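Q: One structure coming up, written as structure tokens, with questions to follow.
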């Protein structure tokens, strides 16, 4: 059965009030739509942990750096609802724009530290947009838990810090990245890749895993980074924004593996910006 679609905040809050009266818990899965198996894995995690699940779909204009990127982002509400039908989701919250940014809206949520590296400098204003809309969705829904993919690991850390700093009583749960058979991290942007580029993109994760194996064996990071840059360039990646080794807890930069860490990559292929990260 296709879940009901809610477009007004009052309708979402009415549902939440009914559940709270029963002492039921709510899991929130925030998305921008164009759902794939990665999103559906978050829904499964939410269903396993909570009495009720609401999936949100909102293409947030404030987290896009390019008007073209915003215009090209896929909008597939009907297909998304069909994909969610077998999962027993209680509702899909697809707020009208004025439910998130009403006339005269003047507040943004801005963080420092965790936003100062990687995606922060490369996408100015992006994390302000993310933190602002996610804070609103947390407060609007009153959810007990929210589920995010580790594919966007820096975003996960931003959301956790934001909720902690603003005393929003919600548990932010990170879920493992879901990958294609090739190892390519699932992303709504992948559908914009040509067949040839999709095949090339599938080589990114094996390169990262090979580098991680060498790091665990004691190799220094700088030579590995240079080698990976050359390999990606040879494969046809047009621009490599960063290949970073960072502490998994605070995202400080590392030059060798001396604590729990993650490797992060952002690069352009076939006009599409791809990001990935793995535990090391």
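Heads up, residue numbers simply count up from 1 along the chain you see.
Glycine is treated like the rest: Cβ placed from N, Cα and C.
Grabbed the feature section from Swiss-Prot, which reads as follows:
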- 32-39, 149-152, 178, 186-189: ATP binding site (BINDING)
- 39: active site, proton donor (ACT_SITE)
- 63, 155: (R)-pantoate binding site (BINDING)
- 63: beta-alanine binding site (BINDING)
Q: Find the one among the recorded positions 39, 63, 155 whose C-alpha lies closest to that of residue 178 (ATP binding site).
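A: Nearest in space to residue 178 (ATP binding site), counting only the recorded positions, is 39.
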Q: Provide, as an integer number of angstrom, the distance between the C-alpha atoms of residue 150 (ATP binding site) and the residue listed as 'active site, proton donor'.
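A: The residue listed as 'active site, proton donor' has its Cα 11 Å from the Cα of residue 150 (ATP binding site).
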Q: Report, in whole Å, the straight Cα-to-Cα distance of residue 155 ((R)-pantoate binding site) from residue 32 (ATP binding site).
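A: Rounded to a whole number, the Cα-Cα distance is 14 Å.
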Q: List the Cα distance (Å, whole number) between residue 38 (ATP binding site) and residue 63 ((R)-pantoate binding site).
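A: Rounded to a whole number, the Cα-Cα distance is 20 Å.
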Q: Which number gives the other C-beta atoms within 10 angstroms of the C-beta of the residue listed as 'active site, proton donor', all protein chains shown included?
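A: So the number of other Cβ atoms within 10 Å of the residue listed as 'active site, proton donor' is 25.
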Q: Rounded to the nearest Å, what's the C-alpha distance separating residue 188 (ATP binding site) and residue 39 (active site, proton donor)? Just drop the number here, would you?
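A: Distance between the two Cα atoms comes out at 10 Å.
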Q: Counting only residues 6+ away in sequence within the same chain, which have a CB under 8 Å from the CB of residue 155 ((R)-pantoate binding site)?
A: 119, 127, 130, 148
Q: Residue 39 (active site, proton donor) to residue 63 ((R)-pantoate binding site): how many Å between their Cα atoms?
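A: Their Cα atoms are separated by 19 Å.
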Q: Looking only at 63, 188, the binding-site residues on record, which one has the least crowded Cβ, with the fewest other Cβ atoms within 10 Å?
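A: Among the binding-site residues 63, 188, the sparsest Cβ neighbourhood within 10 Å belongs to 188.
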